[in-house]
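Sequence annotations record features per position, and here TrEMBL assigns domain 'Pyrroline-5-carboxylate reductase catalytic N-terminal' to C:21-107. The domain 'Ferric oxidoreductase' annotation in TrEMBL covers C:249-394. The transmembrane segment annotation in TrEMBL covers C:204-229, C:249-271, C:292-313, C:347-365, C:386-407, C:419-442.
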Amino acid sequence: MNKNSSNIMALAPNTPNKRETVCIFGTGDFGRALGHKIIQAGYPVVFGSRSTQTSSLIPKDAEVLSHAEAAQKAAIIIIAIQRQHYNFLTPLAEILHGKVLVDVSNNLKINQYPESNAEYLAQLVPGAKVVKAFNTVSAWALQSGTLDASRQVFVCGDDMGAKQMVMDIVRALGLTPLDQGSLLAAQEIENYPLQLFPMWKFPILLSLGLTAFFFFYCLTRDVIYPYVYENKDFSFFIVISIPNRICPILALILLALVYFPGVLAAIIQLYRGTKYLRFPDWLDKWMLCRKQLGLVALAFASLHVLYTLVIPIRFFVRWRISSQIISQALNNKTEPLNTTNAWLSDSYLALGILGFFLFVLLGITSLPSVSNNVNWREFRFVQSKLGYLTLILCTAHTLVYGGKRFLSPLSYRWYLPNAYMLSLIVPCIVLVVKFVLVFPCLDKPLTRIRQGWERNPQYSE
Amino acid sequence: MNKNSSNIMALAPNTPNKRETVCIFGTGDFGRALGHKIIQAGYPVVFGSRSTQTSSLIPKDAEVLSHAEAAQKAAIIIIAIQRQHYNFLTPLAEILHGKVLVDVSNNLKINQYPESNAEYLAQLVPGAKVVKAFNTVSAWALQSGTLDASRQVFVCGDDMGAKQMVMDIVRALGLTPLDQGSLLAAQEIENYPLQLFPMWKFPILLSLGLTAFFFFYCLTRDVIYPYVYENKDFSFFIVISIPNRICPILALILLALVYFPGVLAAIIQLYRGTKYLRFPDWLDKWMLCRKQLGLVALAFASLHVLYTLVIPIRFFVRWRISSQIISQALNNKTEPLNTTNAWLSDSYLALGILGFFLFVLLGITSLPSVSNNVNWREFRFVQSKLGYLTLILCTAHTLVYGGKRFLSPLSYRWYLPNAYMLSLIVPCIVLVVKFVLVFPCLDKPLTRIRQGWERNPQYSE
Amino acid sequence: MNKNSSNIMALAPNTPNKRETVCIFGTGDFGRALGHKIIQAGYPVVFGSRSTQTSSLIPKDAEVLSHAEAAQKAAIIIIAIQRQHYNFLTPLAEILHGKVLVDVSNNLKINQYPESNAEYLAQLVPGAKVVKAFNTVSAWALQSGTLDASRQVFVCGDDMGAKQMVMDIVRALGLTPLDQGSLLAAQEIENYPLQLFPMWKFPILLSLGLTAFFFFYCLTRDVIYPYVYENKDFSFFIVISIPNRICPILALILLALVYFPGVLAAIIQLYRGTKYLRFPDWLDKWMLCRKQLGLVALAFASLHVLYTLVIPIRFFVRWRISSQIISQALNNKTEPLNTTNAWLSDSYLALGILGFFLFVLLGITSLPSVSNNVNWREFRFVQSKLGYLTLILCTAHTLVYGGKRFLSPLSYRWYLPNAYMLSLIVPCIVLVVKFVLVFPCLDKPLTRIRQGWERNPQYSE
């Protein structure tokens, strides 16, 4: 965008649009990068620094002055120095009185200090209007101009006018300011950029553990057993066949684990007869990562679909089918259509397709922009009704896949049942308990408890 | 997040960050749940209640006082009681003068009362600053802390300062306030949580009706006919084969119905010679649910893709192919490659793939976060140009799939044409009319009409 | 929504909710359409026009007066006329003093005038409060009421109160106002609706060029060569087989081109010893369209997946497989399982599946609503770590697909190597250079440079 601001100035030298000077304390990397950007956006910039000589890296159009001189030139002062050095601001308190101080600092650890840096700054310079901003933007991104990532800048502060001034600068840099309220929000804003998918840790660790277990389980049954007893080399099974066993198993177990805590919570509430007692901590945490569990389950389900759809292209499968056909042809034998097998095969495929389809729908609804556009009633309808339907379809898919094999002794190599049988345990428990909870004799008191009724009111004293 | 607010207090006892007391009228389920959350966020909370004794369920850190006493302790009063009981506020009018009243109520039906609850409250207590908020949040979600769904809280009110105070509380609870303007927006905000996919009703009912019709149509042709005349049991066709006929048919018809109203509107405008006359109501409603029609069509198309891709894994298909190969082998017969069939088969697959690909692109563009990032010109380009290209590709896919079968008498069992032939009627009409409308002799006057020109200006008097 | 505003008025005739009169200058198409909508939202509307007689098209409930009379009736005046005619406002300057003027104009070209229309308006009527709004909404969309597209209205202006008034009207029309800051943002807002996917031009042109090249390359090798030397007609290959060669090639090359500029930038920074020198222009532009390059690559990869999964349904493939089986059966020959081939086939399929899966994950993370919900650290983790893993998996997929064919002379028809070999050049270069850059002797200085260190500080003088 070409702002042609010089042109505007020529036409109307005293226009109110003239950008006000911005002062930056600190000539470190972030201060310089921010200065560059702010100059590009048409603001005069003045740097405040201990020594006014290390000017080689500083943007050419910017002045470098002492802290006191620089502060006097601007109404907004961006403090681009680390919290440990904030002390030098105390003697400047008089000059900074009434000015807008922008705290851009970050810490190295979550909750490193008892109070946030911005609140600490507000205590050091009580007369100034402190605003927290810009800490979620990286210097490298500002420098290179490639802000592919989030353009959101969280802003908080106690003075509305000061916040407005900072938000205008944020917008002028092409970023999106998000008002987070008063300075109390600063701690959260400072912790935000330090997080690395905190809600995903448990689901991912759990699925890694389960993957490892089922990998060795299937390896034993499908590769080592035939090698030991039939001397057949099926080692290439570890590339597609075994992953295609693990993926659906994990998808089903994790999906069931999404609905397990809800069922547990219902039992606990029925037993306690109140909803006003806190759940145990582990249950709270489990409930908070249900969305992530579900999305990991969806990832495994998608992989299962891809692995299944390439089956007919696999060399091994083509070889096996053609060997069967050739041996039938050589034996002059034509089999009639086994309708039961056709029914079973089509049924488990259809159940799988419908289950996966609903699963993807659930995933799409959990996209932030979609879930923001549905109300609470619609969200519950999708996540609860459609969610259970998905679980039922996927469990049925696995049951029908098993079909007649459950009782066949061939399925129990080394007394190990087929892996998919293990995957049915959790979903079947969840579905049976949920089915029991739907009966009116349990559903009615549960509904009343969730509306605030208590069996023994003294409980919550 | 650990706010460590006690620590801050110790450092700066008179800091402006100290949260102000919030008063809640009503100790019902929602009032208590909201009170719990607000206490957790660091605000002192005082409840106003008729009887100050039913305190067992009330959060421990909260005081319970009479309405008048409680109201005097706070600048913000949350009215967590039902509209029918608002009358008790009239005698308190003097105490409530100048206070911020937050209306959190919901109704049982859409547009239950002539004016919104918040506006009714503003009339009852004329001296108070009424703000509508929190009605889109459920008590259960507040209680359990599992706000997986939308975190948006719509806020409206006539007093900017009062709105700011409420929005700060909303943010402190970890929710996102959305300013909806003046109190006139309250009615819409109160209706919002009562909706259950209002725009989806027509598309879903229509597709259910069409699904039922085509199911019985295909059942007659593909299962009953061979059973009656050839005594073959193809009942398992109802699991995959018939759904895989219904899905593409519905996808094509619904996609055509997305573009039908646009074509109708053009004809009506050409005939009337003006754009300033309202369309008939049914056309207006049809136009408003085009996006939903398109997404349902996409769902059917996706199912069709999945059903098609599992074809080679189906037991029946494997059996049929191997029977064919064995019979050829036993007859010592090798067929040469039929290039025409190869062309037809590859063409309809390729057309289907490209059509589906564009269809998915259209679906992605209709995601709220994506459509918010394209301007009007880009949106029209995608939805109109790419939309018609999708319709053309999908129609061509069906036509080439039919191939030589259109004229074969075998396709007309019991005089019923193949189901896919029926699906071609609507898209072909839309495409032909659209093609006619593209000719300059019709396109020019239409463009002028849409730019505001009128053939007979007296029309709109 | 039924606002029942008449009802409210009856109850409280002097309520502050009464909508204030809005004046619209100009009775052109956009002015009338906007007037219609504003009347529907419950505002009294008065039009200002040169001649007060052309009233037939104007909404019935609106008055038409002279400019001066109309302006006196309202505090807000929407200027729905073109910039060329703004001069007529100069004599009205006195009446317009202190009023809110809303500039809704658009230009025909990007940066058509040195200053934005809104700034020009502010200079013409210095006493008025100018707000830019509504220019991103189309008259046709307002008229037909079918706002499927973005409901966002960018608003900017120097006066906060004036902006609030305009934003309330925007909300009353069911649109979403987005505050863009001061009037300096007007130029960008005016350019916005004129853009047509500006960032997508280069990626799409590049991929069209590469598609054309590889199409003729594959046509020569796969259709013309067998026709000339073996007199076989494989012309139907251009429908699926050749697209299914082009798509993966383009996906891989474009994906590598996403990571190429990052590697180049690292080399340039290492060579220069500073990050404070600007990159060459072409590199800057290249870096800015990486997201679009990646999404085009993902589109090609998705098509490749679809084309690959329909392979077993293709008539030609079924014919070829059954011919092979029949000839084996007739020759009484049964081949043992070739474990190496099974390994190779399963490996390249599995690598492709995992690569595609990660690629889709990257695509989902680049959705605006998702990328707004991850912080900078998480975004870099996904786009950089997962991105390189995707590139490695996809390159390995292609290498294993090649397998033993690299050295086979049959692969070099007319001295042309297989097309997929060409596609490996760019990704291999990127991966090798990246691998070299990971070594500490290069990674350490690079990290220091990116933190602001300079080898020869005098450079940036």
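Glycine too: its Cβ is placed from the backbone N, Cα and C atoms.
TrEMBL does not curate its annotations; it predicts them automatically.
Owing to the predicted nature of the structure, the values given are computational and were not obtained by experimental measurement.
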Can you break down the domain 'Pyrroline-5-carboxylate reductase catalytic N-terminal' (C:21-107) into helix, strand and coil residue counts using DSSP? 33 helix, 19 strand, 35 coil
Residues of the domain 'Ferric oxidoreductase' (C:249-394) by DSSP state, where helix covers H, G and I: 121 helix, 0 strand, 25 coil
Mind checking which residues reach the transmembrane segment (C:419-442)? Cβ under 8 Å, same chain, six or more beyond either end. 214, 217-218, 221, 245-246, 248-250, 252-253, 255-257, 259-260, 263, 266-267, 270, 388, 391-392, 394-395, 398-399, 401-402, 406, 411
Distant-in-sequence neighbours of the transmembrane segment (C:347-365), which means Cβ under 8 A and at least six residues beyond its ends: 255, 294-295, 297-298, 301-302, 305, 308, 371, 374, 379, 382-383, 386-387, 389-390, 393-394, 396-397, 400-401, 403
For the domain 'Ferric oxidoreductase' (C:249-394), would you mind checking the mean pLDDT of the predicted model? 90
The transmembrane segment (C:292-313): which same-chain residues, six or more beyond its ends, come within Cβ distance under 8 Å? 199-200, 202-204, 206-207, 240, 243-244, 246-248, 250-255, 257-258, 352, 356, 359-360, 362-363, 366, 387, 394
